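> Annotations per TrEMBL:
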- 40-433: domain 'Amino acid transporter transmembrane' (DOMAIN)
- 76-98: transmembrane segment (TRANSMEM)
- 135-157: transmembrane segment (TRANSMEM)
- 169-186: transmembrane segment (TRANSMEM)
- 191-209: transmembrane segment (TRANSMEM)
- 229-252: transmembrane segment (TRANSMEM)
- 264-287: transmembrane segment (TRANSMEM)
- 310-333: transmembrane segment (TRANSMEM)
- 353-370: transmembrane segment (TRANSMEM)
- 376-397: transmembrane segment (TRANSMEM)
- 418-438: transmembrane segment (TRANSMEM)
Amino acid sequence: MASEKVETVIAGNYLEMEREGEETNSNNSVRNKLSNFFWHGGSVYDAWFSCSSNQVAQVLLTLPYSFSQLGMLSGILFQLFYGLMGSWTAYLISVLYVEYRTRKEREKVDFRNHVIQWFEVLDGLLGKHWRNIGLFFNCTFLLFGSVIQLIACASNIYYINDNLDKRTWTYIFGACCATTVFIPSFHNYRIWSFVGLLMTTYTAWYLTIASLLNGQVEGVKHSGPTTMVLYFTGATNILYTFGGHAVTVEIMHAMWKPQKFKTIYLIATIYVLTLTLPSASAVYWAFGDALLTHSNALALLPKTKFRDSAVILMLIHQFITFGFACTPLYFVWEKFIRVHETKSLFKRAMARLPVVIPIWFLAIIFPFFGPINSSVGSLLVSFTVYIIPALAHMLTFASPSARENAVEQPPSFLGRWVGLYCTNIFVVAWVFIVGFGFGGWASMVNFVHQINTFGLFTKCYQCPPHKA
């Protein structure tokens, strides 16, 4: 009975929105049905497509590079381990969101024209200091997440058309990705999420099948792991792979019934593993140590119409993922300049444009596709989506009364609150020591090596010399 009351409170405003939609449909049924089908998403399936599509983007192409640094066994084990850990902290974020939203809606707060974000959840549950910490790490991570998508666009298109260098392609795709300012919120990514997941599924199985058909190259070696720096650099790239839930709160807020999100990220992770494990293993088996100097797996596969199709599909998907990473930044900026609740889409879009400029600039300064993933993973993802959610959850429910009145009680199979706190302590300790500590050291050593080797503002990172 209590859970039914909670569900009613949480879903209240969403039910009002659905009623408004029904009224609109009666006025213009065909147009609105088409609009709802392609544009307005809020179901459990929409959330699953969003999580799956957002989690495995360009990193699909760098995981074989990580396997060459880690070795086959460690690569597989780290994917399984961090996939499970990422699903756990996504669950914690969803619990904190539901707790925050329930408290606010009991106070009659209306969120119909306001998108709840992670830093607001921390503010409402733990105060302004936690809000500021969450805002800094989340925004910085999403900023560099968007940068990585731009770098990936330039890296991929080069394998179809090398008449332009990668820096020039970055300029072009920066302008293209700026059009995401016209997508209002995660409600409106319904068709994009679905199509994006189809694209990564094709690319993953292309990498797998093409590598197996190509066979092992002559003299292939599988030396990894060879050094501590490479080992922990590879591990933090996988930490980054399964740390894509920095937009969890925004995806939940786009759901009609966000309390149903709890297991969506885990199911999305299981599907993603069916893509990442076969593709990374097959490419590493075929090319071995050659991947150490080719962070983009597409660089080693022969040019065919199937590879070109994979490149084009990944380019489109990276445009979608750029929007996923940048949309929360748009929201933060809108709130800062106080245009977030305006109903004019054009006014909001114009207000968002300044957010794209620093992303564009950073992608040109640091075009290091692959190594930048590990640096972002160790220094930002470790705190944003692992350490902060685990600590925030423990502090939110530190008092006996908070635990007793919690909207979402811990699962019994875990040992209730004792098991939950033990799991959270383990997550914090592991990620801080291994992810941030060793991973941060290794990824920064590797990142500095890339700067010393190629330089900042390099025109064409890891490009083969042009044939005369």
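Here the Cβ of each residue, glycine as well, is placed from N, Cα and C on the backbone.
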> Restricting to CB pairs under 8 Å, which listed stretch, 135-157, 191-209, 310-333, 418-438, is in contact most with the transmembrane segment (76-98)?
418-438
> Taking a Cβ cut-off under 8 Å, which residues six or more beyond the ends of the transmembrane segment (229-252) line up next to it in the same chain?
47, 50-51, 54-57, 59, 62-63, 65-70, 74-75, 78-79, 82-83, 85-87, 89-90, 93-94, 97, 115-118, 121, 138, 141-142, 145, 185-186, 258, 261, 265, 269, 272, 276, 292, 324-325, 327-328, 331, 370-371, 373-378, 381-382, 384-386, 431, 434-435, 438-443, 445-446
> Return yes if the transmembrane segment (376-397) and the transmembrane segment (169-186) have at least 3 CB pairs under 8 Å (sequence gap of 6 or more), otherwise no.
no
> Checking distant contacts: for the transmembrane segment (418-438), what same-chain residues at least six beyond its ends satisfy Cβ-Cβ under 8 A?
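For the transmembrane segment (418-438), the nonlocal Cβ contacts are 85, 88-89, 92, 228, 232, 235-236, 239, 377-379, 381-383, 386-387, 390-391, 393-394, 410.
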> Taking contact to mean 3 or more CB pairs closer than 8 A (sequence separation of 6 or more), are the transmembrane segment (169-186) and the transmembrane segment (264-287) in contact?
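In this chain the transmembrane segment (169-186) does not contact the transmembrane segment (264-287) - fewer than 3 Cβ pairs sit under 8 Å.
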> Quickly jot the same-chain residues contacting the transmembrane segment (353-370) by Cβ under 8 Å, restricted to those at least six beyond its ends, or write none.
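Same-chain contacts beyond the flanks: 58, 62, 65, 143-144, 146-148, 150-152, 154-155, 166-167, 170-171, 174, 177-178, 181, 237, 295-296, 326, 329-330, 333, 447, 450-451, 454, 456-458, 461-462.
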> Please identify the stretch among 191-209, 264-287, 310-333 with the greatest number of Cβ pairs below 8 Å relative to the transmembrane segment (135-157).
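Result: 310-333.
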